[in-house]
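**Q** Below are the features listed in TrEMBL for this protein:
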type	residues	note
BINDING	Ser58, Asn90, Leu209, Ser213	Na(+) binding site
TRANSMEM	14-36	transmembrane segment
TRANSMEM	48-72	transmembrane segment
TRANSMEM	84-105	transmembrane segment
TRANSMEM	200-222	transmembrane segment
Amino acid sequence: QVVYVTASLPYCVLIIYLIRGLTLHGAVNGLIYMFTPKLEQLSNPKTWISAATQIFFSLGLGFGSLIAFASYNEPSNNCERHAIIVSLINSITSIFASIVTFSIYGFKATFNYESCINKVILLLMNAFDLEEGSLTADNLNEMKDYLMATHPQEYTQLLPQLKNCSLEAELDTAVQGTGLAFIVYSEAIKNMEVPQLYSVLYFVMLLMLGIGSMLGNTAAILTPLTDSRVIAAHFPKEVISG
């Protein structure tokens, strides 16, 4: 009954994040990046090894938790059908969570890219005393070429401070694991409206996922202990669980 909460709550939070993520500025950039295949990555064996590792890990294969849970089924249960259903739910959940993640990641990358552009524009306007509104993100490259041609010495001195802003580069700096969970998401959340609400929702979701995983792992240990007649005869189930 506890697993009903720990398993379903993250889905509720992900749905909330999906609705919010798709309405964020730049979310489309993240989704385009996600669904655009990169042939150089697909031809790399390490990519497929990482993918297989993730599938084995997310399914919990080899941990004993699936075997422990399956042991509570009736002998007539169709295990093959359930194995296929669990595998499909796992893969669909991964894609669903990826859409949520990349929509938020696209927002973060777009936010960083536009911040970089604005800093470059401000730097050039102050350095060359340009009129307000004469330099925009659309004509930035043309104005750079113009300033380099008309003020070569001043532009050369300013060059080390001019960052090369690129949306693709921002999207390419993808991280995984704890970096994604605690750094990228946290940076994106703090730039949203009502960041406190989304922070609480996000870390409650992480807590539920952690508890749910540990319940599965402990079930793999508790089930054979409670099934043992020697141990079960001397200790009630609550004591063994404790």
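Heads up, the Cβ atoms here are built off N, Cα and C, so glycines get one too.
TrEMBL: automatically predicted annotations, no manual curation.
Map these features onto the structure and tell me what's around them.
**A** Counted within 10 Å of its Cβ, the other Cβ atoms near Leu209 (Na(+) binding site) come to 16, all protein chains included.
Same-chain residues lying 6+ beyond the ends of the transmembrane segment (14-36) with a Cβ under 8 Å from its Cβ atoms: 96-100, 102-111, 167, 171, 192, 198, 201-202, 205.
Counting same-chain residues at least six beyond the ends of the transmembrane segment (48-72), those with a Cβ under 8 angstroms from any Cβ of the stretch are 79, 82, 86-87, 90-91, 94, 213, 216-217, 219-224, 227.
Sequence-distant neighbours of the transmembrane segment (84-105) (same chain, 6+ residues past either end, Cβ-Cβ under 8 Å): 11, 14, 17-18, 21-22, 24, 27, 30-31, 33-34, 54-55, 58-59, 66, 171, 174, 180, 184-185, 188.
Within its own chain, the transmembrane segment (200-222) is flanked in space by residues 2-3, 5-7, 9-10, 13-14, 16-17, 60, 63-65, 67-69, 181, 185, 189, 240-241, which lie at least six positions past its ends and keep a Cβ under 8 Å from the stretch.
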**Q** Counting across all protein chains present, how many other Cβ atoms fall within 10 Å of the Cβ of Asn90 (Na(+) binding site)?
**A** 13
